[in-house]
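Let me begin by presenting the structure, written as structure tokens, before commenting on it.
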Amino acid sequence: MQDVLAYETYFFDLDGTIFIGDLLLPGVRQTLQYLREQGKQVLFLSNTTIRTREECRNRLRLMGVEARTEEVVTAASVSAAYFREMQGMNRRPQVLVIGEQALKYEVAGGGTVLTDEPMEATHVLVGMDRDFDYEKLHRAMKAVRAGAYLIAANPDPNCPVVGDLLPDTWAMVKAIEAASCGTVQEIIGKPSAYYAEKVLEQSGTRRENCLMVGDRMDTDIRFGLSHGINTALVLTGVTAREDLEQYSAMPDHIWTSMSEMLQDHLRLS
């Protein structure tokens, strides 16, 4: 087993890995502080669409975790990059967003035109929406049936909160697919190749020198396995140890909590 401190850059998921709700998970603060003291690069990779990068940074700081906005990558910020690049290819997307204010803020901040008119939309971008209702479903359905591309900001079916799970982006996507008889055309967040491209580009690190730490086998660990990045699963969020039986490919490390990361290092040093 490779020493967990042998990497140059560490990618950490947020919900279920760093915190759940407003609860900072065990060992997180000490581990991140130690990595920074060792000169390691730390990036926070989230599939969230309900918080801006600045809001993620502020939330971390309130929990005593030092972070800069440029160290945070979200499905919302990568969605903004996706449409910004489209404009650079002389395409003029008009995006109907099914999602909350943070997703709209990030995408519009990249210069993309947003619309609420289904017949004007070239794309329907779907994120987690805690106010998702029949009217939003109807507008998204009309846009997709009129030819708009259906884009999912992430493939997460649910999101962990303290003592519960909340429906996430994929629940809204499946409703729109069913109503429109359409199919999602692109997924932006983890574990997509586009997300990996943007993150590796930002880190400036070769993929074999990175470690992805997360709580979801279907997004975080799959993200690493699909793109040549080493992986560590923490059992503090969605995935339980008994869930691992259904997977053939395993992460490089499995920890009950983040506290075990440094314990692994001490055992090998």
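From the backbone N, Cα and C atoms, a Cβ is placed for every residue, glycine too.
The annotation active site, nucleophile is assigned in TrEMBL to Asp13. When secondary structure is read from DSSP and collapsed to three states, Asp13 (active site, nucleophile) falls in the coil class.
Around Asp15 (Mg(2+) binding site), the C-beta neighbours below 8 angstroms that are at least 6 residues distant in the chain are Ser46, Thr48, Cys159, Pro160, Asp215, Gly237. Under the heading Mg(2+) binding site, TrEMBL lists Asp13, Asp15, Asp215.
Residues annotated as active site, proton donor in TrEMBL: Asp15.
The C-beta environment of Lys190 (substrate binding site), restricted to residues of the same chain at least 6 apart in sequence and closer than 8 Å, consists of Asp13, Leu45, Asn47, Ala75, Asn154, Gly214, Thr219, Asp220, Arg222, Phe223. What TrEMBL records for Lys190 is substrate binding site.
In the structure as shown, the Cβ atom of Asp215 (Mg(2+) binding site) sits within 10 Å of 24 other Cβ atoms. Excluding Asp13, Asp15, Asp215, which define the Mg(2+) site, the same chain contributes Leu14, Gly16, Thr17, Ile18, Ser46, Pro160, Gly214, Arg216, Asp220, Val234, Gly237, Val238 within 8 Å (Cβ to the Cβ centroid), listed in sequence order. Cβ-based neighbour count (10 Å, all protein chains) for Asp13 (active site, nucleophile) stands at 24.
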